[in-house]
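Asks: Here you go, one structure.
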Amino acid sequence: MLPLVALVGRPNVGKSTIFNALTRTRDALVHDQPGVTRDRNYGVCRLDEDNHFLVVDTGGIAGEDEGLAGATTRQARAAAAEADLILFVVDAREGTSALDDEILAWLRKLSRPTLLLINKIDGTDEDSVRSEFARYGFGEMLTVSAAHRQGLDDLLDEVIQRLPEEGSGEELDNDPNRIRIAFVGRPNVGKSTLVNRILGEERMIASDVPGTTRDSIAVDLERDGREYRLIDTAGLRRRSRVDEVVEKFSVVKTMQSIEQCQVAVLMLDATEGVTDQDATVLGAVLDAGRALVIAINKWDGLTEYQREQAETMLSLKLGFVPWAESVRISAKHGSGLRELFRAVHRAHESANKTFTTSEVNKALEVAYETNPPPTIRGHVSKLRYVHPAGSNPPTFIVHGTRLKELQESYKRYLENFFRKRFKLIGTPVSFIFREGANPYEGKKNVLTERQVKAKRRLMKHVKGK
């Protein structure tokens, strides 16, 4: 277990900027707008092979107990309660505030090792700033400018001296056998609620307010002897409706999570059917070529008639991805979770399945003999051989002639044939068609002297007629 350092303070004092500076990443969203960070975000500060510790970024404590602000405060307090060292972050430019006083009073009741960290010290009179914050009674005050990486070395020296060798933080590992699952969907379909239900704790902030989740948060989990990494993402909307800068950053984070995951769980709201926003998210998953499981949430709240109507609508709107399994769940009550994980396993195994060249060529041969390509303008495309080219998604390269004329319907036939033959469930299948190079392309036919004389005699004979 690694030592854990928690960044705590009121909104917009620069906690996320400090987090990014310590972890040397851009994992935390940073913006001048207060309240950008809401959920706990963990990262690792690596100094050398022997010295590294966990850092947790928290949302700003706004002094409210209700709504999103209250949920954010509870997340920050949970992070502080588990930390081995708390960095109480304040703003040098704004000075002390009543909210800082409230946070400090709570930290003192917590009785955890705490350092006062004065951020945004650049452009200020440091002596005056220190004098103002002296009333907080800290024996030592640390000043930094995280945006300019000023004072970070002194901060790290102080942190290392105060941290225990063994701590309470658990680092996200890079186990290749761990299944990375991204929960994606439009805003307010229950992604955070589902992740919390799976984890058995309020790890993510879940509310009825669309856009509650702004960052992509990863949490490791062991369930039934299997290792997982669950990634809760911000809801995606159509680009035309994305106007706030923070939301644009959130969209980028979600797209990165889709690219980096192995299985995407697309969440739909059973009470609203498949919307245009759902189609936008589904398109992002398909463009990334990721394995897909469709989780239809709030199924338990439908009557029998509503379920029949929903089934009809789902088959109509999702008919172009018949290979994706759909599972009926209730994120709130936890029903359907076992079936959901089974579908995730099938999709993951299919997406990462390995093939031999001989077996895929046999499959191509059978597919060709069963249904050869149609004749186009008197010519037929020839499929000569195929070889596997990768996984997640399974990719096959087909070599032949006149493949540019191969119809889309025949490409779909090959995909469905391979999918059925190799029992590929829950994953897209990619085919790349390559034509053999023409060795005479671009070359001019040069006649020999004898051929030139023969051609002249022939032309005289033709002209003579």
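Any Cβ shown, glycine's included, is placed from N, Cα and C.
According to TrEMBL, the protein carries these features:
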DOMAIN    3-167  domain 'EngA-type G'
BINDING   9-16, 57-61, 119-122  GTP 1 binding site
DOMAIN    179-352  domain 'EngA-type G'
BINDING   185-192, 232-236, 297-300  GTP 2 binding site
Asks: Reduce the DSSP letter at ASN188 (GTP 2 binding site) to three states and note it down.
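Replies: DSSP assigns ASN188 (GTP 2 binding site) to coil.
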Asks: Let me know how many other Cβ atoms fall within 10 Å of the Cβ of ASN12 (GTP 1 binding site).
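Replies: Around ASN12 (GTP 1 binding site), other Cβ atoms within 10 Å: 17.
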Asks: Counting across all protein chains shown, how many other Cβ atoms sit within 10 Å of the Cβ of ILE61 (GTP 1 binding site)?
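Replies: A 10 Å sphere around the Cβ of ILE61 (GTP 1 binding site) contains 23 other Cβ atoms.
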Asks: Out of GLY9, ASN12, LYS15, THR58, ILE121, point to the one nearest THR233 (GTP 2 binding site) in space (Cα versus Cα); all of them are binding-site residues in the record.
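Replies: The smallest Cα gap between THR233 (GTP 2 binding site) and any of the binding-site residues is with THR58.
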Asks: Would you mind reading off the Cα separation of ASN12 (GTP 1 binding site) from ASN188 (GTP 2 binding site), to the nearest angstrom?
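Replies: Their Cα atoms are separated by 25 Å.
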Asks: I need the CA-to-CA distance for TRP299 (GTP 2 binding site) versus LYS15 (GTP 1 binding site), whole Å please.
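Replies: The separation of the Cα atoms works out to 40 Å.
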Asks: So for ASN188 (GTP 2 binding site), how many other CB atoms are inside 10 Å of its CB?
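Replies: Here the count is 19.
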Asks: What is the interatomic distance between the Cα atoms of GLY185 (GTP 2 binding site) and ILE61 (GTP 1 binding site), given in whole Å?
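Replies: Cα-Cα distance, GLY185 (GTP 2 binding site) to ILE61 (GTP 1 binding site): 28 Å.
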Asks: Cα of ILE61 (GTP 1 binding site) to Cα of ASN188 (GTP 2 binding site): how many Å, rounded?
Replies: 23
Asks: Since the record lists GLY9, ILE121, GLY185, THR233 as binding-site residues, which of them has the fewest other Cβ atoms within 10 Å of its Cβ?
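Replies: Result for the binding-site residues GLY9, ILE121, GLY185, THR233: minimum number of other Cβ atoms within 10 Å at ILE121.
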Asks: Which one is it: of the binding-site residues GLY9, LYS15, THR58, ILE121, whose Cα lies the shortest distance from the Cα of LYS191 (GTP 2 binding site)?
Replies: THR58
